[in-house]
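Notes follow once the structure below has been shown.
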Amino acid sequence: MSKIRVLSVDDSALMRQIMTEIINSHSDMEMVATAPDPLVARDLIKKFNPDVLTLDVEMPRMDGLDFLEKLMRLRPMPVVMVSSLTGKGSEVTLRALELGAIDFVTKPQLGIREGMLAYNEMIAEKVRTAAKASLAAHKPLSAPTTLKAGPLLSSEKLIAIGASTGGTEAIRHVLQPLPLSSPALLITQHMPPGFTRSFADRLNKLCQIGVKEAEDGERVLPGHAYIAPGDRHMELSRSGANYQIKIHDGPAVNRHRPSVDVLFHSVAKQAGRNAVGVILTGMGNDGAAGMLAMRQAGAWTLAQNEASCVVFGMPREAINMGGVCEVVDLSQVSQQMLAKISAGQAIRI
């Protein structure tokens, strides 16, 4: 099997050296070249024709985002962004994902060498995922048209969504058309701390419904979406007649915290047939067992189809496990989940 050919673009010589060490330590990949800036990278891409590009977000001579935008227009290829953990870094990274980057890794704030080498397996996994990702599914999506407001539903109704690689854009596409009369949505997207708040704030500006990073103990309200905070699990719990959110630091599940399975299992238990479960693009099997539990508890469950997924991992696992009622294209997810949640009952509250 041929090796995954990687090109790293970073203005830091140390980072280029570390990335080279990491990539070359894996037998299935090789660093074919490195570049200190996008202008040099342009020539190296033509020369070496890499399978995956790792790209520093903030660089001199040409901004990483400007370069990414041009690259995706002229020569689309899988890109993994390398980002700082700052507020600005998370904003820029989210924009990069919108422009077509497959995924990102964060630079440790202290001890770059030790920190990056500790990320060795994660970086390799993200490069492997990027090499297999569907670029056709990751073309920048146009804003979906707003769905008509349906009847107000019982506050017992809610939607649970899980996603990973490619999920930030898929979630935007699902939430943007939702009317204010939508039920509450609980969302687990695999993301590090610091990024989930920026992600929620970004969606809040784009959507009619309110979108926020979830807080422990807060009441779950219709017309709002709650994003699990990075590195913490989110569960649905009850307080009397009301739903509320439970945030905790339990151990990683399926190597993830937050974990989609943790959310889905809690929704199966607390909401049962009053819920709809949705599993979107992502690598691995997180969410498959939880989605089966939701289906067995009477919930309607949807999986994104392969053609519209950046990575058809999590949906495939959920389908194979028997947890999925219906497989739909990303463009139909919003409409279908609202139709299914409304089919049960329409109670004015």
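The backbone N, Cα and C atoms fix where each Cβ goes, and this holds for glycine too.
Residues or ranges marked as active site by Swiss-Prot: Ser164 (among others). Within the same chain, residues at least 6 positions away in sequence whose Cβ sits under 8 Å from that of Ser164 (active site) are Gln189, His190, His256, Val260, Thr281, Gly282, Met283, Gly284, Asp286, Val311, Gly313, Met314.
Feature annotation from Swiss-Prot assigns active site to His190 (among others); the stated evidence is similarity to another entry. A coil conformation is recorded for His190 (active site) in the three-state DSSP classification, outside any helix or strand.
In the three-state DSSP assignment, the secondary structure recorded for Asp286 (active site) is coil. Swiss-Prot lists Asp286 (among others) with the feature active site, giving similarity to another entry as the kind of evidence.
Within the model, the domain 'Response regulatory' (5-122) carries an average pLDDT of 89. Residues annotated as domain 'Response regulatory' in Swiss-Prot: 5-122.
The domain 'CheB-type methylesterase' annotation in Swiss-Prot covers 152-344 and rests on sequence analysis.
What Swiss-Prot records for Asp56 is 4-aspartylphosphate. Just so you know, the Cβ of Asp56 (4-aspartylphosphate) picks up 24 other Cβ atoms within 10 Å once every protein chain is counted. Mapped onto three states, the DSSP output places Asp56 (4-aspartylphosphate) in strand.
Following the DSSP three-state reduction, the secondary structure of Ser164 (active site) is coil. Cβ neighbour count for Asp286 (active site): 30 (other Cβ atoms within 10 Å of its Cβ, all protein chains included). According to DSSP, the domain 'Response regulatory' (5-122) comprises 57 helix, 26 strand, 35 coil.
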